[in-house]
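Asks: First, the structure itself, so that you have it in front of you.
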Amino acid sequence: MSRVCSDVWTLLHRPGFRRLFAVRIAGQLGDGVLQVALVSFVFFSPERQTTAPAAAAAFAVILLPYSLVGPFAGVLLDRWQRRQVLLYVNLLRAGLTLVVAWQVMSDNVGLLFVATVLLMLSLNRFILAGLGASVPRVVPRRELVMANSIAPTAGAVAVMTGVGVGYVTQRWLLGSEAENSAESPIVMVGAAVYLLAGLLALRLGRRSLGPEPGAVQIAVGHAVRQVASGMVSGARHVVARRPAFLGLAVMASSRFFYGLTLVMAILLARNHFHHPDDVDAGLGTLAMLLGLSGAGFALAAVITPAATRRMSKQTWAVTLLAAAGMITLAPGVLLTVPALAVVATVLGVAAQGVKIVVDTVIHENVDDEFRGRVFSFYDVAFNATFVAAAGVAALFMPASGHSYIALGVIAAGFGLTAAGYRFADSGWAGARSPAPVQTADGMQRAGLDDDTSARP
C-alpha cells in the first residue's frame, strides 16, 4: 500500500497530470449528477414501466449514436488541439445541460429532448476519448500503468460520487414524492460542474496535449472528407499491433457481459426486489449496487499496479475475468440483494482492472498520430457492445430480471473471454516489445512553464 501511495503522490506532483486529472474529475462528477436525473426520469418514474426491451431502447438512444459518429471524433482529436477540445466541449455541455433542465421543467420531453440528450452524451464520449489520448503527453512511459489506474478509476469514482450527490439531493432535500420537478435542479447542478471542468482546462498549456503542431493541421472540412481513409489507416494500425488489437477485443467482450449484468440489475431492482410501484426503494437498491461497483473501481486502482509488478498485465486481466465469471455463479446464483452486492463489487474490480490493462497496452503500442482515432474506436466498442448486450437481454430476459439462464450466459461469457485472451497469443511477445510511444519524457510537460499558452 505504501508503494501505491508513493506512486500516486509522484503522479500528482506532475503539474501536467494533476491539471488533466482535475478536468477529468470535474467533468465526470457532472456526468454522475446528470446520470442520476436521467436514470430516475427514464427508468424509475412511476408512470413508466421498465422492461428489458424498454431498457434496450433507452441504452440504444443514449449510446448508439456516439458509436456511429465516434470515428469522426477520432479524426478531429488527431487534428484539433486536445486542450481546446476539453475547454470548448465542456462549455458546450454546460449549455446543453441547461437546455435539458428547461425541457424537463416544462415537461417538453419529446423528440427535441431526445435529440438534446443524444448530443450531450455524444459529447461526453468525445471528452473521454480526448482525455484518454492525452495521458501519454503528461507522464513518462514508466508511469503509464499507474496513470491509467488512477485517472480513469478516479473518474469512475467521481461518476459514482455524482450519482450519490444527485440521489441525496433528489430524495432527501427535495422529498421522496418529487417527480419531474426534482430532476431540473439536479441537472442544473450538473451544468455548473461542467462549466467548472471547462475552466479547469485553461490551466493546461494550449498545445500541451497534442497533437504536435504541423503534424496533421488541415482544415476540418477536408479532415471530415478523409474520415473513411483515416479510419482504414487507424484500423490497420491497430491490427498491425497485436497487443492493442487483442486488448480492444477483450474490452469489447467484457463490456458486453457487464452490460448484460447491468440490465439484469436494473430490472431486478425495479421489478423483483421491490414492488414496481415502489420506485424509491428500487432506485435506492440500484444506487447501492452501483456504489459498490464504484468501490470496486477504486479498489482496482490500488491493486492493479501492484499486481502488474508481479505478473504480466495480460495475466492479471485473465485472472480478473476468470474471477468475474466464478463470482457471477457463486454467490450470484442466489439472486438476492446481498448476493448481487458481492457480484457488483467484484465485477467493479474486474471491469476497471481490465480497463486499466487495456488502456496501458494501447498507450504502449499505438503511435501518437493515431491515438485519437484508436481511442475513438475504443469508445465505439465500449458503447456498441453495451447496446448489443441490452438488445440481447431484450430477447430473453424477463421483465423481473430473475433469470438463471442470463446468469449462466454472463458467467460463461466472462470465463470464455478469459480463456480466449489467454490463448490468443500464448507468448504475448508483442506486449513485451511495444512500439515507441510519445510521452512526457524528454519533452515539455503539459502546462509547465507555459503561462502564456494557458488561454482559450
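Even glycines carry a Cβ here, placed using N, Cα and C.
Found this in TrEMBL, in case it helps:
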- 21-44: transmembrane segment (TRANSMEM)
- 56-78: transmembrane segment (TRANSMEM)
- 85-105: transmembrane segment (TRANSMEM)
- 111-133: transmembrane segment (TRANSMEM)
- 145-165: transmembrane segment (TRANSMEM)
- 185-202: transmembrane segment (TRANSMEM)
- 245-269: transmembrane segment (TRANSMEM)
- 281-303: transmembrane segment (TRANSMEM)
- 315-334: transmembrane segment (TRANSMEM)
- 340-362: transmembrane segment (TRANSMEM)
- 374-397: transmembrane segment (TRANSMEM)
- 403-424: transmembrane segment (TRANSMEM)
- 433-456: region 'Disordered' (REGION)
Asks: For the transmembrane segment (340-362), could you work out the same-chain residues 6 or more beyond its ends whose Cβ comes under 8 Å from its Cβ atoms?
Replies: 132, 135, 144-145, 148-149, 152-153, 156, 243-244, 247-248, 250-251, 254-255, 258, 261, 265, 268, 288-290, 292-297, 299-301, 303-304, 307-308, 313-314, 316-317, 320-321, 323-324, 327-328, 331-332, 374-375, 378, 414, 431, 434
Asks: Out of 21-44, 111-133, 374-397, 403-424, which stretch touches the transmembrane segment (315-334) the most, going by CB pairs under 8 Å?
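Replies: The listed stretch sharing the most Cβ pairs with the transmembrane segment (315-334) is 403-424.
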Asks: Return yes if the transmembrane segment (21-44) and the transmembrane segment (185-202) have at least 3 CB pairs under 8 Å (sequence gap of 6 or more), otherwise no.
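Replies: Stretch pair touches.
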Asks: Between 185-202, 245-269, 281-303, who has the most Cβ pairs under 8 Å to the transmembrane segment (403-424)?
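Replies: Comparing 185-202, 245-269, 281-303 against the transmembrane segment (403-424), the winner is 245-269.
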Asks: List, by number or range, the same-chain residues at least 6 past the transmembrane segment (185-202) whose CB is under 8 A from its CB atoms?
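Replies: Non-local partners: 19, 22-23, 26-27, 29-31, 33-34, 36-37, 83, 86-91, 93-95, 97-98, 100-101, 104, 162, 165-166, 169-170, 174, 454-456.
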Asks: Do the transmembrane segment (245-269) and the transmembrane segment (374-397) share at least 3 Cβ pairs under 8 Å, sequence separation 6 or more?
Replies: yes
Asks: Would you kindly list the residues that approach the transmembrane segment (111-133) from elsewhere in its chain, counting only those six or more residues past its ends and only Cβ-Cβ distances under 8 Å?
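Replies: The answer is 20, 23-24, 27, 31, 34, 38, 61-63, 65-66, 69-70, 73-74, 77, 82, 85-86, 89-90, 92-93, 96-97, 99-100, 103-104, 151-152, 155, 209-210, 359, 371-372, 375-376, 378-379, 383.
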Asks: Give residue numbers and ranges for long-range contacts of the transmembrane segment (374-397): same chain, 6 or more residues beyond its ends, CB-CB under 8 A.
Replies: 52-53, 55-56, 59-60, 63-64, 66-67, 70-71, 73-74, 77, 125, 128-129, 132-133, 234-235, 237-238, 244, 248, 251-253, 255-260, 263-264, 267, 358, 362, 366, 403, 405-406
